[in-house]
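K.L.:
First, the structure itself, so that you have it in front of you.
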Amino acid sequence: MSSGTPSLGKRNKTPTHIRCRRCGRKAFNVKKGYCAACGFGRSRRLRKYRWSKKWKKKKNVH
């Protein structure tokens with residue numbers, strides 16, 4: 001099997017992200033083994049940045 005375009009079609013069988021055990025969001029990367037949203041699997045501390053606070057505030061206003 002070549003490593004170009006034909007093999008990229010095989011990537012759609014398993015999901016890239018599944019539901020995270022810690023935050024519950026669908027952001028846990030199966031291959032890398034950590035959550036993109038909260039950082040579970042990569043560190044014990046919760047993943048948070050100052051640049052994301054504005055978005056979280058806006059999200060809670062609804």
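Backbone N, Cα and C define each Cβ position, glycine as well.
Reproduced below are the annotations present in Swiss-Prot:
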ZN_FING   20-38  zinc finger
BINDING   Cys20, Cys23, Cys35, Cys38  Zn(2+) binding site
K.L.:
A 10 Å Cβ contact count, applied to the binding-site residues Cys20, Cys23, Cys35, Cys38: which residue has the minimum?
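P.N.:
Output over binding-site residues Cys20, Cys23, Cys35, Cys38: least Cβ neighbours within 10 Å is Cys23.
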K.L.:
The zinc finger (20-38): mean pLDDT?
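P.N.:
The predicted confidence over the zinc finger (20-38), as a mean pLDDT, is 95.
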K.L.:
From the centroid of the CB atoms of Cys20, Cys23, Cys35, Cys38, the recorded Zn(2+) site, which same-chain residues not already listed sit within 8 A by their CB, in sequence order?
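P.N.:
Apart from Cys20, Cys23, Cys35, Cys38, the close residues are Arg21, Arg22, Gly24, Arg25, Ala27, Phe28, Ala36, Ala37, Gly39, Phe40, Arg47.
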